[in-house]
């Protein structure tokens, strides 16, 4: 193939309507400059010999034929879109967790990760919720916002929260019947430092608002007479 | 027990059903046994069934079917808004609206305030009891 141009050329023959170009064949011949190319080549359009093709590898007969014809699955080129974040959830929003170990806890939203999960922190010193991922569907967004401008959350991504791969240890017969001596999984110091760094600025801005610290420390629960569909969060 | 609040031209009523729920309107004409022509400064004059209205104590002085401008002037003269907001019915509605619009954080602050107030009251009561018993 001839060398590709840096920018693809717009068609020199604009459409008058679909299927009908503005210029005729002879005009287009002139516009494309085929006469100049021919003139350079002595009246004949230049012809290049085809490049020598690399010899194709000899096809071996397959060593296995399935008993019945196997259907090939259809090609799927679908790319899932990133999870849409609810408009009520912005960085600094106080969220109420609805399920899991921290059910009912009010936490501060930091950012949405690439997988669509929300990155959230207690802060740890206030209500015991660490830097954690949480699904948007298991969360109520309140209209209370915390100032989150001083917090740097760039370094947290999906890889930070990936499970550590355990190396499998081969057990001998005798050891099988012993109680499994599992080392208690300790939190790496790095993660503790990250938590402290994020929480330091957050706690300062939380203490600036009266009673917000006690609010985040308390759990949410439905009391008698509260109708969730009538409550304003 | 005779009736005290009558349907009359100029009677202010509260809408208790429908699109205009909670609004104060003025009866400007009576159409027939069941319907009245009502008007308010912020709505288009239209008919409403009496069953959708609850009469209030307030009346204003207007001719039958006044122009919007006259209606607004009459309402200002009778000071309907302040009369309504100072009446116990009006005050109750305002409190209801405020309570319904409370945020989760607001409800938490309210709980703390209630507990504090109860504590102060209990302290005073204990003091008075002590004085009385001694």
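Note that Cβ sites are derived from N, Cα and C of the backbone, with glycine treated the same way.
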Ranges A:22-44, A:45-67: which does TrEMBL label region 'Disordered'? A:45-67
Out of A:175-196, A:197-218, let me know the one TrEMBL marks region 'Disordered'. A:175-196
Summarise the model's confidence over the domain 'Large ribosomal subunit protein uL6 N-terminal' (A:3-61) as a mean pLDDT value. 84
